[in-house]
């Protein structure tokens, strides 16, 4: 027969291939699929594979000019989700050639670009991605990574302490710098611009940069410790963002900050390259993540956004707090914390990790615990996150009845007490409150903080 068979086609004939052996170079994806009533799971899984790779809704003449077998995504396994009716995990393998090297932007446009609006699906969630080593090697990754950061800061054997300056909107640059100085002087390692502090009428970015730099050099001179303030370089255009980053470098500060989801992966990767070339650390905030990751059956899990950030580049990223949440969430959070920090992470479904991930020596990212935490949480945080983390107390520092500096002192004393207790072999989970109480006998600042935030 001449020509080809026209017409709308069944996806599963071409894109559902249960005998496919995945290649080491494939990008693997685990999707949680909720098909519309009457759509078989194989067809739904195949539709996802097709729509996110070579497929289109009908047979086209130009299909004859290419090798589908070489370029198509394949749904190679489907399993029902325990405890949910009509939900399936569809595993899809994508050939590496479908993706541009070193572009998180292109990876996401391909894998999650179009398929989420697909009619045959009621909902779709990307749960995990396996990034093959061949693709990982096309990315620079974090500007410096955990070890280099410790060496730059000369801080070892403990988590780092931070604080977001509040009220986040409305302070003048001079008063903002003053708040930064008080916190750093009191014993914090870092202070942070809030994610929505960019360059507003009440405080233009250059004024803030200047006063914050002054504050941190003064605190550095007085304490003999290296200090940092995350200067938020996020801006409306990439050019403006780079201008801010360059200004930070000229001031000689150690670290800048970026909102990677609202700023976009292209901007973030550009900034990460600049940071490595110019010796700046890069702190990443995840504003907008809940828009993408909060629904259990639709969107993308945060572990995917975290992996994407490690490829794109950042030295710190916000990762939730775990404290006071459900146990299950603790395991899941620790799963993606390991994916950020470790070089090799084994598949472990109980921790939400669908694929073994080998990062082939890509530098690690330090997770940042932030949001609603205070001194009584310190033992749990030290135990859960370990040394390679930043613990960020905004209200938990600035809410201290005696002011910012005593608030900073309280947090530092609590942290040092927890680290010492851990190193002496005490059980932080069981004796946490006792450890904090003992320490507060020697520190009136900590005692006052313990009073304000009673567990």
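Any Cβ shown, glycine's included, is placed from N, Cα and C.
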Same substrate site per Swiss-Prot - residue from 74, 204, 206, 286 joining 114, 164, 168, 318, 370: 286
Top Cα neighbour of residue 192 (N6-carboxylysine) in the set of recorded positions 114, 164, 166, 318, 370: 164
Between residue 285 (active site, proton acceptor) and residue 166 (active site, proton acceptor): CA-CA distance (Å): 16
From recorded positions 194, 195, 285, the one whose Cα lies nearest residue 114 (substrate binding site): 285
DSSP three-state assignment (helix, strand or coil) for residue 194 (Mg(2+) binding site): coil
Residue 285 (active site, proton acceptor) and residue 168 (substrate binding site), Cα-Cα, nearest whole angstrom: 15
